[in-house]
Ligand SMILES: NC(=O)c1ccc[n+]([C@@H]2O[C@H](COP(=O)([O-])OP(=O)(O)OC[C@H]3O[C@@H](n4cnc5c(N)ncnc54)[C@H](O)[C@@H]3O)[C@@H](O)[C@H]2O)c1
């Protein structure tokens, strides 16, 4: 079991990673506890550590990230007189931690939040960093807050039931950290493919640990995405979001950003920011893990116009310029301002089947 503690602005965030780490829940005493969890999960392993929790099961998945569900949950807390010293424990994938995190942040302007991610994507990304959000008007995560959990518990036991497809979606984000921030992680991924895909617990623990450290280090420097540092976590996401939007959100996020990372690395190379060979390194690792690296591998039909329009909605877009996090060489990156029409031009090439 490994522990990481980081101070992010005004909050201390503790992360506990490893099999059996759920026992850390015993630290929560003398408060009301509301467990917001995915209906699809058996959470006996969580409940056994809690005294008299109030259980609130919810649907998971993208459709559940809706304001109406947020208000139902707020009402549940209100009716049970939860106060600011009480706790919400979110148990589920990224959709559940996003929903519960948003509720925790707005109820009484913030009550204690503990994230218990149950998907690999949740453990390496969604449960970390304090961003949460719901969708509105067909735009993902457009309503949300920044709110740090006090504790994140990544217990690998949950991964035993996780389908390989879901593991791969999270791997795309781990590869993103390796390509932009962490060459050792890139090398580790290169050397341990079979162990990763066979869900070797120690190897997955190492991936979750390194991803946690990499993401927390970025968030510590730029929690609110105002200093041009947190944008690195968006590598592959400008084109990735375009693919998601152009397919009517039929293409899973992890697959969309895999193709997005290749496109954006190509743009970085064409514009002279990435060293020669970076695109090959990106392609090689994605191929190793069976992730898509070209738009022709995406099954869903893509509406190019919708995809290109989505680039204008990119949150890094300001006055016809987009701030792009470009890989320069493996484990390094640079912030570059690129005119919107240049990105759209490259995107059109990349996304034409
Ligand atoms: N807040 C952030 O910083 C951040 C970062 C990345 C992604 N996200 C959000 O996360 C969401 C995606 O998260 P996700 O991929 O975890 O999706 P998800 O929550 O929909 O979970 C994916 C699937 O896995 C199932 N599942 C969950 N735990 C399981 C387990 N232990 N065993 C078997 N099945 C299990 C779920 O029921 C669901 O069907 C998106 O909405 C995205 O916007 C947020």
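Easy rule for this one: first residue shown is 1, then count along the chain.
Even glycines carry a Cβ here, placed using N, Cα and C.
DSSP places the residues of the domain '3-dehydroquinate synthase N-terminal' (56-168) in helix, strand and coil in these numbers: 50 helix, 33 strand, 30 coil. Residues or ranges marked as domain '3-dehydroquinate synthase N-terminal' by TrEMBL: 56-168.
The NAD(+) binding site annotation in TrEMBL covers 60, 61, 62, 63, 64, 65, 118, 119, 131, 140, 158, 159, 160, 161. Around the Cβ of residue 60 (NAD(+) binding site), the same chain contributes 38, 39, 40, 92, 93, 95, 96, each under 8 angstroms and 6 or more positions distant in sequence.
TrEMBL lists 170-316 with the feature domain '3-dehydroquinate synthase C-terminal'.
Neighbour list (residue 173 (Zn(2+) binding site), Cβ cut-off 8 Å, at least 6 residues apart, same chain): 121, 124, 125, 211, 254, 257. If you look up TrEMBL, you'll see 173, 237, 253 marked as Zn(2+) binding site.
Residue 253 (Zn(2+) binding site) falls within a helical segment according to DSSP.
The number of other CB atoms found within 10 A of the CB of residue 131 (NAD(+) binding site), across every protein chain shown, is 22. The two recorded residues residue 131 (NAD(+) binding site) and residue 237 (Zn(2+) binding site) have their Cα atoms spaced 16 Å from each other. Of the listed binding-site residues 62, 64, 118, 237, the Cβ environment within 10 Å is emptiest of other Cβ atoms at 62.
Taking CA atoms as the reference points, residue 118 (NAD(+) binding site) and residue 237 (Zn(2+) binding site) are 23 Å apart.
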